[in-house]
Structure formats: C-alpha cells, structure tokens
Amino acid sequence: MIGGNTTQLTHFFLLGFDHLQSITTYLFILFLIIYILTLFGNALIVGLVSVSQRLKSPMFLFLRNLSLCEMIFTTNIVPKMLQVILEGGCKISFVGCALQLYAFAATGIAECLLLTSMSYDRYLAICKPLHYTKIMNFRCYLWLVVLSWAAAIILPTISISMIFQLNFCGSIVVDHFFCDLAPVLELSCSDTSPAEFEVFAQTIPVFVFTFIYIMATYISIFIAILKIQSTMGRQKAFSTCSSHLTVVCTYYGTMISLYVTPSGRQSVKVNKTLSLLYSVVTPLLNPIIYSFRSAEIRKALASIIFK
C-alpha cells in the first residue's frame with residue numbers, strides 16, 4: 001500500500017493522444033519501430049563495450065551505463081504508450097502509475113549524473129592529460145557509477161511517496177500517455193504544495209547544478225582546445241567530446257523546454273509533443289550519435305562483424 005487513498009482509488013485512465021485518433025495505426029507502427037531500434041541500438045553499445053577490448057576506457061564504460069539507463073527508461077514508457085495508442089486510452093493501476101513515475105524520475109536522475117560523470121572524464125582527458133590515468137582509474141569510475149545509480153534509486157523515493165499519499169477524489173483521467181508528474185498532481189484534491197516543494201528541492205541540485213557543472217567543464221575544454229597549436233590536434237581533441245556534447249544538448253534541451261518553461265504558456269498538445277521527444281526520440285538518438293561520431297565504436301563493431 002502506497003497511501004491511505006488506495007482503498008478508494010484503484011486505477012487511473014491514461015487518455016493518450018485523443019486528438020490523433022485518425023492516425024493511431026500509423027503512430028503505433030512508428031513508435032513500435034522506434035522502440036525496437038532504440039533497444040537494439042543501446043543493447044548493441046552495451047554488448048560492444050562488454051566484449052571489445054578496444055572499449056575498456058572509462059568513457060565507454062560510462063557509455064555502457066548510459067545505454068543501459070536508456071533501455072530501462074524507454075521500456076518504462078513506450079510499451080504502455082503503445083497500448084494507449086492501440087486502445088485509444090487505457091487503465092493503469094494506482095501502484096503501476098506510482099512505479100512508472102518512480103522509474104521515470106530514477107532513470108532521469110541517473111542519466112543526469114552519468115552525463116555529468118562523462119563530462120568530468122572528458123575534462124580530465126583534455127585539460128589534465130598528464131594526470132588522467134592517475135585520477136580517472138577504474139576505482140574512480142566505479143565510485144562515480146555506483147553513486148549515480150544509488151542517488152537515482154534513493155532520491156525519488158520520498159517525493160513519489162508523498163505524491164501518492166495525496167487524496168485523489170475527483171477525475172481519474174490522466175491527460176497524458178504516461179504517468180507524468182504534472183498531470184497526476186492535477187488530479188489531487190489535497191494540498192500538493194509539500195509534494196511540489198520536495199520535487200523542486202530535488203530538481204535544483206540534480207538537473208540545474210549538473211547542467212551548470214557540465215557547461216563549466218566544456219568552457220574549460222574549449223579554452224584548452226583553442227590553446228592547441230595544430231589544427232589536427234584541435235580536431236582530434238574536439239572529436240573526443242563532440243558526441244557527449246551533442247547528447248547533453250539534446251537531453252537538457254528537451255528537458256528545459258518541457259519543465260522550465262511556465263506551464264501556462266504551453267498547451268497540453270505541446271506538452272505531449274515535447275514529452276515524446278524526451279521519452280521516445282532522445283533514447284534512440286544517443287546510440288546513433290555515438291555510433292556515427294565515435295571511430296572506436298565503429299572499429300569495434302567492424303572487428304566483430306568481419307572477424
């Protein structure tokens with residue numbers, strides 16, 4: 001039992017894309033293909049890093065964790081979304097909704113912290129190359145990964161528990177394709193300010209501070225790259241962090257658009273569209289970006305295919 005209200009409320013109803021009923025078949029096929037490609041692409045990276053001796057540096061070990069995180073994230077959202085599209089909306093149990101929102105928050109936190117760890121790795125590699133192997137050893141990598149996953153598991157527990165201990169005595173219709181924070185809170189007839197404050201207290205250090213740290217490390221990286229005399233040296237240094245920077249911009253760009261912009265300026269349809277970009281498209285882009293821009297991954301894949 002999550003809260004005392006579970007005796008009154010047993011489920012929510014995910015409304016989904018009620019304004020797109022005429023193209024639901026096409027949407028289902030499109031998102032199913034994207035989901036399959038996302039799982040395949042991220043599983044490929046996990047497999048390559050696990051078996052290839054070329055990809056044993058901390059950067060690729062972080063990437064393996066990031067890909068695993070993306071697989072959990074998209075599997076938490078997309079299968080239920082496909083059911084919503086196919087059935088024109090569907091029920092989700094009260095506990096199921098709580099677990100989906102928890103997994104959504106946990107994987108979001110894990111991705112932020114892993115991206116931050118990867119930026120620290122790139123900072124050491126480019127700005128402190130003589131000390132890189134001494135500082136970023138396997139023990140340091142392991143601590144960063146363990147702390148990232150531990151924080152992701154622990155931090156959402158209090159806020160999610162507070163949300164689902166609220167009273168839900170009105171509508172059960174969640175105007176979204178998954179149990180997102182704002183649509184669920186809108187259904188509560190209790191005072192939601194304590195739960196909202198708890199979410200805000202977690203959002204600032206996890207999302208805002210990590211973003212500021214990543215931007216600060218890349219300012220240092222760009223300054224260091226500009227000091228390199230040769231053009232080839234600058235290109236090589238930039239290529240080592242361009243994939244990570246692209247993923248960071250994609251991830252935080254959609255997050256900022258979705259959650260920082262005041263909700264009054266966004267229609268429900270726009271909110272759902274931005275959520276689609278964040279929860280469906282972004283997990284697919286990450287393996288594509290790293291596969292196309294990382295020579296090491298392409299070489300590792302080629303060595304396995306043509307072995």
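The backbone N, Cα and C atoms fix where each Cβ goes, and this holds for glycine too.
Automatic prediction, not curation, is the source of TrEMBL annotations.
Residues or ranges marked as domain 'G-protein coupled receptors family 1 profile' in TrEMBL: 41-290.
When Cβ-Cβ distances below 8 Å are used as the criterion, the transmembrane segment (23-49) is approached by residues 17, 55-56, 60-61, 63-64, 67-68, 70-71, 74-75, 78-79, 81-82, 85-86, 88, 280-281, 283-284, 286-288, 290-291, 297, 300-301, 304 of the same chain, each at least six residues removed from its ends. For 23-49 (among others), the entry in TrEMBL reads transmembrane segment.
Feature annotation from TrEMBL assigns transmembrane segment to 61-79 (among others).
Feature annotation from TrEMBL assigns transmembrane segment to 99-120 (among others).
Annotated transmembrane segment per TrEMBL: 141-164 (among others), in sequence order. Same-chain neighbours of the transmembrane segment (141-164): 2-3, 5, 58, 61-62, 65, 94, 97-98, 101-102, 105-107, 109-110, 113-114, 117, 120-121, 181, 184-185, 188, 192, 194-195, 198-199, 202, 206, counting only residues six or more beyond its ends whose CB sits under 8 Å from a CB of the stretch.
Annotation source TrEMBL lists transmembrane segment at 204-226 (among others).
Taking Cβ pairs closer than 8 Å, the transmembrane segment (238-261) reaches residues 59, 111, 115, 118-119, 122, 125-126, 203, 207, 211, 214, 218, 221, 225, 271, 274-275, 277-278, 282, 285-286, 289-290, 293-295 in its own chain, all 6 or more past its ends. Residues or ranges marked as transmembrane segment in TrEMBL: 238-261 (among others).
The transmembrane segment feature in TrEMBL is assigned to 273-292 (among others).
Each of 61-79, 99-120, 204-226 was scored by its Cβ pairs under 8 Å to the transmembrane segment (273-292), and the highest score goes to 61-79. Residues of the same chain lying 6 or more positions beyond the ends of the transmembrane segment (99-120) and with a Cβ under 8 Å from any Cβ of it are 59, 62-63, 65-66, 69-70, 72-73, 76-77, 80, 92, 136, 144-145, 147-149, 151-153, 155-157, 159-160, 163, 178-181, 184, 202, 206-207, 210-211, 213-214, 217-218, 244, 247-248, 251, 279.
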